[in-house]
Amino acid sequence: MPVPAYSVYEQAILFIAALVVFTSFLMLGQKRLSGMIHLFAAQGALLAATTALAAYALPYPHLYVSALIIVTLKVILIPAMLHRLIVRLDMHRDAEPLYLYGYVMMAAAALVMFSYYVVEPIEHLSTLATRNAMAVSLAVVLLGMLLMITRRQVVTHVIGFMAIENGLFFAAVASTQGMPMVVELGIAFDVLVAAVIFGVFFFHIRSSIDSLDVDRLNRLSEVEP
Amino acid sequence: MSAVYWILGIPFAGMLYQAWRGDAPQAGRLNTRLCGLVFLASLVLAATVLRQGTIELADLQFRVDAFNVYLIVLTAFVGTTTAMFSAPYMANEREHGRVNAARMRLYHAMYQGFMLTMYLVLTTNNLGLMWVAMEGATLATVLLVSLYRSPESIEAAWKYFILCGVGIAQALFGTVLLYFAAGQVEGMGEYGLQWSVLHAHAAELNPTVMSIAFVFLLVGYGTKIGLVPLHNWLPDAHSEGPTPMSAILSGLLLNDALYAVVRSKMLVDGSLQSQLAGHLMMGFGLLSFLVAALFLHRQRDIKRLFSYSSIEHMGIMTFAFGLGGPLATFAALMHMTVHSLTKSAIFVTVGHAAQITRTQRIEHIRGLLRTQPMVGWGLVLGVVAIAGMPPFGVFTSEFLVLTATMQEFPWLTPLLLLGIAIAFAGLFRHLHPMAYGPRPAGQAPVQANLWPVMAHLGIVLWLGLAIPGVLADWFSQATRLIAGSAPL
């Protein structure tokens, strides 16, 4: 297959897209909570880099604002908050066992291929770079879900959830040059409030079941004993 | 100034004020008054729309047409009557020490916050803002589900948060895809998320992208509707939160999520020229309907019982909107109205019943008619109405759905009839011992405000006997908007 001629911008986007998926894979393999938070911040930084790049290359000056929002929210604020919480809950040295590690990685690879399959029909619509970016963002969303499914730790679930939001942001930036400003602000607000509420929940869950293991959240079930 | 701004401004101001003074003794009454004011504003808005037709405001950010204006009035009405019920209910909870001052502030502020997000979902023309408001509704209610801080309620709230959060993220992906499709059409630019602009250009939108987008939107908002198999959060969240919360979740949130799906369907239908969206909705709707009807039989908690009944009815509505013809759409619109009125009335009586017996376990709730006849009869009549017995309005709308199904997909009619019969049996086997029988020792009546129940059931009865001209006209206009032609 001949390699089509990409502009420098497109090449850069593709490169960052690959790195974003890579961070998602690293998260799936990360045992330690603090390492997980660093990976999440790194993914946020990559996202901000893409946005700033798009703002510079296209040029869409309003994307600089989005990049700034991402840096404050996802690289600084939320990781710092999560870090403070796990220190206060005395969990920053905890490591979580990884179940069926090999299978999870295989499933993750399969999900990436599946995302390419889903966006396949959009083929003749736009440039190859956009299509790749779409597939990558869908893959990040699905890998975030996989992370939530395979882990038992509440903090990991929150990071998986936020990684899903990262994937959506990436889709919006790479394929449509960002959403309208009012929507972007609204989404950022929601993410911030969600992060605060998650923090509140850590303490509630901790005080009610004396651990942060979701397997022990099992009081409500359909069939009662 | 347009009534739309009042409808959004009053709950916003109310939220801020209640966050500060929501623990005062008169906070409950203030809550009711704020909701009542919004209800008046919604009536003004409805009159304006009836006279002038569709209103568009603020550079197409807001749009009120025949479809959403009636939902706005319904939302404001149910919000007001539930607030009337909530004031004495929460005062009672506080007397029994189940909530403290800080949680009362949280409760009242978030009640107004939730109403604000509901009005924003309904009035906005911008699909991105609609998503933001829908997520906002989750955030507003999640801390209310865990208001009592029991291990069960925290578990329920966590489940609600994670499932709805992840679910609704799918809807955002769908929204991005919509915006992407709009970007391919010349001259959409800035307005690529405005529903009215998208609808006008629906035929030019790329069908492949639109069909992928719809799948994501349906799964995303479908989580909020409580469609099987994405329904897991719903019974937990309804059963563990304070009862006024269950009433507005069931009566309002589910309707508004369905509203978002129907708006998306209108766009996709214009682009695809096929029945894909409709068939997906029919499938999910029918599955939810049948599964929830079966689950009714297994329930031991009274609020879980009625939340499964909500899933069942949302299933019928989704199915009817999926069928799509004028008759089915008319029926679905009417069913939305009667279901949310009946279901919130039922939750109000259930709240009183739970305070009388101090439990939510069905096997411990006995002899309601002997203890407090008003509460007992409210429950009996509510269940008779929700099970689809004539002469209540639920019967009329279910009958219309059946008629429409017989015209288009006759082979699905037996399934619908079977589901209705199963649900009927499931509700009555639990109702009978709760309402009848002797009064258990030590059970005393509580102070109850049953006006909301009577008003709701009265309206449902009225809709079953004769739909008033204004309302029928309204439903017809909305039907024309959604299905393309009028039913009558």
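The backbone N, Cα and C atoms fix where each Cβ goes, glycine too.
Just so you know, TrEMBL annotations never went through curation; they're auto-generated.
Feature list (source: TrEMBL):
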- B:125-416: domain 'NADH:quinone oxidoreductase/Mrp antiporter transmembrane' (DOMAIN)
- B:6-22: transmembrane segment (TRANSMEM)
- B:34-55: transmembrane segment (TRANSMEM)
- B:67-85: transmembrane segment (TRANSMEM)
- B:106-122: transmembrane segment (TRANSMEM)
- B:128-148: transmembrane segment (TRANSMEM)
- B:160-182: transmembrane segment (TRANSMEM)
- B:202-222: transmembrane segment (TRANSMEM)
- B:243-262: transmembrane segment (TRANSMEM)
- B:274-296: transmembrane segment (TRANSMEM)
- B:316-338: transmembrane segment (TRANSMEM)
- B:409-428: transmembrane segment (TRANSMEM)
- B:448-471: transmembrane segment (TRANSMEM)
Any contact, the transmembrane segment (B:448-471) to the transmembrane segment (B:67-85), with at least 3 Cβ pairs under 8 A: yes
Contact call for the transmembrane segment (B:316-338) and the transmembrane segment (B:243-262): at least 3 Cβ pairs under 8 Å, seq gap 6+: yes
So, taking each listed stretch (B:34-55, B:67-85, B:106-122, B:160-182, B:202-222) in turn and counting its Cβ pairs to the transmembrane segment (B:6-22) that are under 8 angstroms, which one gives the highest count? B:106-122
So are the transmembrane segment (B:202-222) and the transmembrane segment (B:34-55) touching or not, going by 3+ C-beta pairs under 8 A with a sequence gap of 6 or more? no
Between B:67-85, B:106-122, B:128-148, B:160-182, who has the most Cβ pairs under 8 Å to the transmembrane segment (B:243-262)? B:67-85
Apart from its near flanks, which chain residues at least 6 from the ends of the transmembrane segment (B:67-85) lie with a Cβ under 8 angstroms of it? 7, 28, 31-32, 34-36, 38-39, 41-43, 45-46, 49, 111, 115, 118-119, 122-123, 244, 247-248, 251-252, 255-256, 259, 262, 333, 336-337, 340-341, 344, 348, 351, 449, 451-452, 455-456, 474-475, 478, 481-482
Taking residues 6+ outside the transmembrane segment (B:128-148), which of them lie with a CB under 8 Å of any CB in it? 61, 98-99, 103, 106-107, 110-111, 113-114, 116-118, 120-121, 154, 156-158, 160-161, 164-165, 168, 171-172, 175, 179, 193, 221, 224, 237, 240-242, 245, 249, 253, 256-257, 260, 263
Folded-back contacts onto the transmembrane segment (B:409-428), same chain, C-beta under 8 angstroms, at least six residues removed: 282, 286, 289-290, 292-294, 296-297, 305, 309, 312, 316, 319, 323, 383, 386-388, 398, 401-402
